[in-house]
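Lifted from TrEMBL, the feature list:
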{"type": "TRANSMEM", "residues": "B:21-43", "note": "transmembrane segment"}
{"type": "TRANSMEM", "residues": "B:63-82", "note": "transmembrane segment"}
{"type": "TRANSMEM", "residues": "B:103-130", "note": "transmembrane segment"}
{"type": "TRANSMEM", "residues": "B:142-164", "note": "transmembrane segment"}
{"type": "TRANSMEM", "residues": "B:176-199", "note": "transmembrane segment"}
{"type": "TRANSMEM", "residues": "B:248-270", "note": "transmembrane segment"}
Amino acid sequence: MTSTLTISHLTKRFDGFTALNDVSFSVAPGSRVALLGHNGAGKSTMMKIILGLIAGDGGSITVCNAAPGSAEARAQVAYLPENAAFHPALTGEEQLRQYLRLRGENPAQAMALLDRVGLAHAARRRIGTYSKGMRQRVGLAQALIGHPRLLVLDEPTSGLDPVSRRDFYALLDGLAAEGAAILLSSHALTEVEARTDHILILSKGVLVAEGALVDLRRRAALPIVMTVVPQPGQGADLAAALPGAVPVGGAYQITCPQEEKLALLGRIATLGVADLEVTPPSLEDIYSHFSRRDGQ
Amino acid sequence: MTLNRILATTGTEFRIAVRNRWVAIATALMVVFALVLAAAGAAPTGDVGVDRLSVTVASLTSLSVYLVPLLALLMSFDAIAGEVERGTLPLLLTYPIPRVEILLGKLFAHLVVLTLAVGAGYAAAGAAALLVDGASIAGLPALWRLTWSSVLLGATFLGAGYALSALARRPSGAAGLAVGLWLGLVVLYDLGLLAAVVANDGGRFTTEVFPLALLANPADAFRLFNLSAAEATAAAAGVGGAAATIPLWQSAASVLLWPLIALFLATAAFRRVRP
């Protein structure tokens with residue numbers, strides 16, 4: 001299966017500042033890839049290069065078997081900018097009709113697209129009266145035009161409420177199932193965790209980690225946290241039996257490396273325990289681990 | 001396909017122009033000024049041997065040299081800088097549409113607005129002249145010539161406005177440049193030429209450079225074309241004398257070529273914009 005997007009040894013410099021340094025990765029059809037990184041890590045620069053809005057200084061990129069920014073690539077790539085903006089004097093429907101016509105599609109689809117993002121009720125109101133979340137949904141609707149093969153989404157869920165976010169990811173799942181490749185950047189790490197197949201972590205322009213979440217979790221080898229709730233009156237004994245346990249509220253928290261997890265669980269089971277919770281390292285932990293390792 | 005994409009932008013831009021009251025403002029402005037000139041032209045001026053409408057066309061020409069470039073620049077200075085400021089340009093540029101098509105789409109919309117305004121103004125002035133003087137029918141060809149050359153003059157300054165808009169990248173900066181261009185080409189240029197001609201006192205500058213300098217300025221070429229084409233030349237003072245020495249085809253060529261040059265410059269400037 002050929003990749004929808006292939007980037008190899010991409011480098012971009014701005015007046016002596018290296019925004020992207022030797023970045024290589026590829027995105028396969030039907031995969032949902034999250035691009036993570038702190039502010040200024042190079043996420044938006046990378047997206048602009050993929051879209052052909054700016055040119056890279058070194059390395060090569062192939063977007064849908066074409067050069068980024070070529071008419072061929074642009075016909076197959078959809079983009080949702082961070083803080084999607086539109087002319088305030090137009091209605092949502094008028095704006096979408098224009099975008100449909102620019103892509104050579106039937107403008108009559110505008111209402112159906114707005115309905116798909118839950119905006120049909122406001123279609124005839126001017127975008128100037130929309131909230132940030134509604135503008136974001138207009139942006140999403142235009143990204144759905146004409147079955148794109150690659151969707152580049154910059155912070156797509158910013159400004160969306162939790163229900164809209166869930167709907168949004170359900171939409172993405174449908175697109176990915178149809179074979180579209182999705183590259184999205186996000187700060188909301190917990191939702192990315194559940195909703196993407198592959199994670200890229202950028203730090204200061206360098207790709208510091210890449211892989212499925214389980215792989216990253218294993219490679220980071222971060223400790224597991226167990227929260228133990230003692231049976232009534234057993235707290236002191238439990239604390240004595242588990243050196244290093246930190247009291248948190250009525251419970252105790254203890255951390256251990258991945259490989260000692262089962263042994264520790266066995267020991268805890270013999271103590272007077274009312275409840276036990278095992279928390280694997282979250283994406284936040286993994287993300288900070290990889291982005292800090294690079295001198296961050 | 002290509003035309004459909006261009007017209008998609010045209011439709012949107014025209015809608016925006018209507019909602020921003022540009023259509024209403026431009027049309028009202030042109031109608032009011034044209035009627036004022038028609039009224040002034042209708043006052044007894046002594047017998048100059050020409051019909052009322054031809055006199056009015058001569059006055060309208062002088063008015064349009066100032067007003068049409070001003071309206072065109074006011075409509076166009078925001079075209080690209082405004083998209084940059086609103087943050088709508090990056091998304092637009094990821095669409096499979098060449099930049100020149102974006103410019104053409106905007107140009108067509110703004111030209112429609114300008115044509116409506118100019119057409120309404122000239123029609124009002126023409127109707128007023130015809131009401132007063134039945135012989136004014138003789139002036140209709142001149143009015144028609146004034147109309148289409150005004151639209152071309154507008155196209156030139158729309159293109160120039162887009163170029164400045166792309167160069168400035170901020171609406172405030174683009175507005176400043178647009179005012180500067182208007183002052184320079186429409187007001188100061190003529191003053192400078194006048195001063196040079198007076199100082200030169202009929203020397204080589206007046207005979208060789210001055211006609212070229214008039215043709216090189218789209219506003220002067222427009223005035224020259226309409227005055228030298230019209231029988232009303234006699235009714236107009238000013239550059240009438242100079243107009244006589246320059247063949248009509250030269251000023252016509254300048255009027256026709258400038259919109260293309262301006263569009264070329266606008267496209268070149270827009271291509272350099274990196275979102």
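Using N, Cα and C of the backbone, Cβ positions are placed for all residues, glycine too.
Only sequence-distant pairs (6 or more apart) were considered; of these, fewer than three Cβ pairs between the transmembrane segment (B:103-130) and the transmembrane segment (B:176-199) are under 8 A, so the stretches are not in contact. Among the recorded stretches B:63-82, B:142-164, B:248-270, the one sharing the largest number of Cβ pairs closer than 8 Å with the transmembrane segment (B:176-199) is B:63-82. Within its own chain, the transmembrane segment (B:248-270) is flanked in space by residues 80, 99-100, 102-104, 107, 149, 152-153, 155-160, 162-164, 166-167, 214-216, 218, 221-222, 224-225, 228-229, which lie at least six positions past its ends and keep a Cβ under 8 Å from the stretch.
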